[in-house]
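Marked as active site, nucleophile by TrEMBL: C7, R13. Under the heading domain 'Phosphotyrosine protein phosphatase I', TrEMBL lists 1-183.
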Amino acid sequence: MHVLFVCTGNICRSPLAERLTVAFATEIGTAELTAESAGVGALVGRWMDDDAARVLAGLGGSDEGFRARAFTPALAERADLVLTMERGHRAIVLEQAPRALRRTFTLREAAAVLDLLPAAELPTASSVHERGVQLVAALARRRNQWRGSTGATDVHDPYRRSAVVHDEVGQDVARALLPLLEEATGTRTPVR
């Protein structure tokens with residue numbers, strides 16, 4: 001399963017989610033779960049924000065080698081799941097890559113819809129790729145049952161904000177993301 005994370009500058013939220021996913025996959029020993037990230041207003045070539053990198057390290061991930069890059073439709077087309085940090089990012093992704101509709105969600109929207117899924121609709125396949133396909137299909141089927149407000153769907157942008165805000169955003173991303181990764185892989189969270 002290949003996940004694309006999208007935010008604005010691609011230096012705080014989306015690389016945090018990307019690298020947390022990579023740490024999760026490494027910890028459970030699977031090459032079937034991969035991730036990348038991009039920004040709709042990317043600060044191309046920049047390293048991860050220092051506070052975001054600090055938060056990531058505290059969650060078990062590494063920003064080593066990271067450089068920000070711009071979102072392109074091709075990135076969405078090759079992803080099995082596209083998770084954006086805000087509704088506005090989702091709208092931009094879908095404007096540029098409309099065929100990605102059924103597999104594009106805000107991160108918090110996907111997490112909330114996962115909570116609504118009955119046990120009978122949770123993934124049952126043995127491979128991570130197939131579990132991911134099943135999970136994305138189930139999320140797409142049930143997405144209309146959850147309609148959160150903007151505040152409920154958006155992960156706030158911590159750029160140029162305090163270390164405390166970065167810590168809160170890191171916890172918000174981890175709380176929303178890790179249950180999705182657990183369900184996609186059929187494992188329990190090895191990182192926090």
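Note that Cβ sites are derived from N, Cα and C of the backbone, with glycine treated the same way.
Bear in mind that TrEMBL entries carry predicted annotations, made automatically and left uncurated.
Keep in mind it's a predicted model, so treat the numbers as computed, not measured.
Sequence-distant neighbours of C7 (active site, nucleophile): residues of the same chain at least 6 apart with a C-beta under 8 Å from its C-beta are R13, S14, S37, G39, V40, T84, M85, E86, H89, V155, D157.
The predicted model assigns the domain 'Phosphotyrosine protein phosphatase I' (1-183) a mean pLDDT of 95.
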